[in-house]
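J.: The structure is given below, and queries will be raised subsequently.
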Amino acid sequence: MKAYLDLMRHVLDNGTDKSDRTGTGTRSVFGYQMRFDLGKGFPLLTTKKLHLRSIIHELLWFLKGDTNIKYLKDNNVSIWDEWADENGDLGPVYGYQWRNWPAPDGRHIDQIANVLEQIKKNPDSRRLIVSAWNPALVDEMALPPCHALFQFYVADGKLSCQLYQRSADIFLGVPFNIASYALLTMMMAQVCGLEAGEFVHTFGDAHLYRNHFEQAALQLEREPRALPVMKINPEVKDLFAFKFEDFELEGYDPHPHIKAAVSV
């Protein structure tokens with residue numbers, strides 16, 4: 001995944017050193033874009049090993065509309081532990097906004113179901129959008145959404161997705177985000193009877209934390225390997241019926257994992 005390494009190198013070479021909410025400090029750029037052709041392999045980073053189980057379970061958790069980490073803990077996924085309260089709650093984060101966006105009249109809007117219906121009925125629509133950024137509820141969220149809004153696009157029988165990510169932790173978060181939204185695009189395409197097209201990743205503040213510089217330099221020394229292939233159970237035609245066992249990754253041969261601290 002040369003595109004990811006190019007982003008990392010660009011930030012190290014051209015970024016601006018800034019302070020941040022966590023007190024760690026970052027080097028960042030504003031405005032950047034990467035594109036991944038999902039017909040050329042599954043964009044799971046090969047220059048360090050990623051925990052695919054966490055990526056899949058987190059996505060399934062989002063799609064359930066869940067905002068308590070119990071499901072994640074039950075499946076040995078700890079990526080949200082630092083932000084949950086004593087009861088495991090995170091407030092109205094991604095899953096709530098995706099599946100239960102509160103309307104002023106008391107209704108709750110299922111954005112994912114609505115977009116699915118529109119892709120099938122009106123694929124040329126320019127309103128195939130899901131937003132997790134709800135200004136009225138941001139202060140109630142344990143962590144305001146970093147991957148804030150995504151849009152689908154249908155052309156030539158293929159479904160593509162563009163994500164706008166307002167804040168991007170390049171070393172730890174972005175590899176997960178790429179794989180998660182690529183997988184979501186593939187799942188959406190399957191249940192809509194389409195092929196997967198491109199995943200387009202657009203950033204606002206893309207940053208490397210200062211305590212990740214050494215790890216980034218190590219990763220930049222590694223040569224990317226061939227991308228793996230993600231096999232999805234073709235029998236599943238309901239987006240909300242997918243289970244962890246419906247996904248099988250083939251040909252993943254990454255370089256070793258690189259440890260790095262999370263800034264909370």
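Every residue, even glycine, has its Cβ placed from backbone N, Cα and C.
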J.: If Swiss-Prot gives Arg21, Arg126, Arg127, Arg166, Ser167, Ala168, Asp169, His207, Leu208, Tyr209 as binding dUMP, which of Asn100, Asn177, Asn233 does it give for that site as well?
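T.: Of Asn100, Asn177, Asn233, Asn177 joins Arg21, Arg126, Arg127, Arg166, Ser167, Ala168, Asp169, His207, Leu208, Tyr209 in the dUMP site that Swiss-Prot records.
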J.: Per Swiss-Prot, what member of Ser125, Ser263 joins His51, Asp169 in binding (6R)-5,10-methylene-5,6,7,8-tetrahydrofolate at one site?
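T.: Matched candidate out of Ser125, Ser263, per Swiss-Prot for (6R)-5,10-methylene-5,6,7,8-tetrahydrofolate with His51, Asp169: Ser263.
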J.: Specify the count of other C-beta atoms within 10 Å of the C-beta of Ser263 ((6R)-5,10-methylene-5,6,7,8-tetrahydrofolate binding site).
T.: 18
J.: Which ones, of the binding-site residues Arg21, Ser167, His207, Tyr209, have a Cα no more than 10 Å from the Cα of Ser263 ((6R)-5,10-methylene-5,6,7,8-tetrahydrofolate binding site)?
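T.: Cα within 10 Å of Ser263 ((6R)-5,10-methylene-5,6,7,8-tetrahydrofolate binding site): Arg21, Tyr209.
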J.: Rounded to a whole angstrom, what is the largest C-alpha distance between any two of the residues Arg21, Arg126, Arg127, Arg166, Ser167, Ala168, Asp169, Asn177, His207, Leu208, Tyr209 that the record assigns to dUMP?
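T.: It comes out at 36 Å between the most distant Cα atoms.
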J.: Can you tell me the CA-to-CA distance separating Tyr209 (dUMP binding site) and Cys146 (active site, nucleophile), as a whole number of Å?
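T.: Answer for this pair: 15 Å between alpha carbons.
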J.: Out of Arg21, His51, Arg127, Asp169, His207, give those binding-site residues positioned within 10 angstroms of Cys146 (active site, nucleophile), comparing C-alpha atoms, in sequence order.
T.: Asp169
